[in-house]
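**Student:** I'd like to ask you about the structure that follows.
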Amino acid sequence: MASILISGAAGVSIPLVGTLLPLNGGLMRGAKAFAAGVILATGFVHMLSGGSKALSDPCLPEFPWKMFPFPEFFAMVAALLTLLADFMITGYYERKQEKMMNQSVESLGTQVSVMSDPGLESGFLRDQEDGGALHIVGMRAHAEHHRHSLSMGAEGFEALSKRSGVSGHGHGHSHGHGDVGLDSGVRHVVVSQILEMGIVSHSIIIGISLGVSHSPCTIRPLLLALSFHQFFEGFALGGCVAEARLTPRGSAMMAFFFAITTPIGVAVGTAIASSYNSYSVAALVAEGVLDSLSAGILVYMALVDLIAADFLSKKMSVDFRVQVVSYCFLFLGAGMMSALAIWA
């Protein structure tokens, strides 16, 4: 159990630590492609095949389990539900971040106008026609102008940005690529959360299966294979969490939660080993359904949110070297994870 815990923790930690180091951009793209291949192979080769094996077991009754391809059906349902959850969660985060950004821009715009507009005196605009009457500058009108302008009082903004902790580069970027940056950040957060949900459910099943096993001849090779299995899955998940750029506490919690799920499953399996029958109808159905659902989640995430998002991007299409490296790492990750199915 310790080897699985260490392997999972090491795998998920490497990408998180890598974000703190000045690594080559091509290497990072290769690592992302490798992780996508690992997740794709996990869904197809490990989870879907495991679900099919459990739900086609001879111990299950003929009706309804032999009358319909339930593993593939559950995987399809999971993929469609993941699409729906993906859409809803992304929309929630986008609305939340856009609201916070608008509030920040309005507040920032008002302060910039106070500092940089020569017609302002102590935060007020003197109206010559009204004989010196004072009018407060309209915050919303200025903010709207602020959103659609790429340059506005550089000296005043730089002075303000230093005091407010907003860098000039970040501000300029939000104007030029605000929607793209917002969407990209939200997508990475959603992907990391849904991906962990799919991986964790599978890890618990693996742990319980290992915990209820009584044969040392079976456990030893399985333990080694599962250690590599957890390492590769952790590496893939860690890469997605690193891209989400969560707070250090949030990243650590996701990594910790992944690392302990399989050992917890092992502990549960060991505790119920005396009364657990892995060939009972309830156990086979639970294992088959959960594996099939997890397969649908991971296949969707791998193809839609990881492979399509990167391999169909503009950056990939204009750089042949990056294309070659990414495809090689994608096939390598899928191949290595698939090979583990020989033992686990």
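Glycine too: its Cβ is placed from the backbone N, Cα and C atoms.
On a predicted model such as this, the values are computed, not experimentally measured, just so you know.
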**Student:** Is it the case that Pro221 shares a side of the membrane with Arg29, at least as far as the topological domain names in Swiss-Prot go?
**Tutor:** no
**Student:** Is it the case that the transmembrane segment (1-21) and the transmembrane segment (324-344) touch, counting contact as three or more CB pairs under 8 Å in which the residues of each pair are 6 or more positions apart?
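**Tutor:** No, these stretches are not in contact.
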**Student:** For the transmembrane segment (31-51), could you work out the same-chain residues 6 or more beyond its ends whose Cβ comes under 8 Å from its Cβ atoms?
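**Tutor:** Distal contacts: 15, 18, 71-72, 74-75, 195, 198-199, 202, 205, 229, 232-233, 235-237, 239-240, 243, 287-292, 294-299, 301-303, 306-307, 310-311, 325-338, 340-341, 344.
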**Student:** Which sequence positions outside the transmembrane segment (252-272), separated from its termini by at least 6 residues, show Cβ-Cβ distances below 8 Å to it?
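**Tutor:** The answer is 1, 4-5, 8-9, 12-13, 16, 192, 196, 199-200, 203-213, 226, 230, 233-234, 237-238, 241, 246.
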**Student:** If you average pLDDT over the topological domain 'Extracellular' (52-72), what do you get?
**Tutor:** 93
**Student:** Give the nonlocal contacts of the transmembrane segment (324-344) in its own chain as ranges (CB under 8 Å, at least six residues past its ends).
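**Tutor:** For the transmembrane segment (324-344), the sequence-distant neighbours (Cβ-Cβ under 8 Å, at least 6 residues beyond its ends) are 26, 29-38, 40-42, 45-46, 49, 206, 221-222, 224-226, 228-229, 232, 236, 307, 310-311, 316.
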**Student:** In terms of Cβ proximity under 8 Å, which residues at least six beyond the ends of the topological domain 'Extracellular' (273-291) contact it?
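**Tutor:** Result: 47-48, 50-55, 57, 59-61, 65, 70-71, 74, 201-202, 205, 208-209, 211-212, 214.
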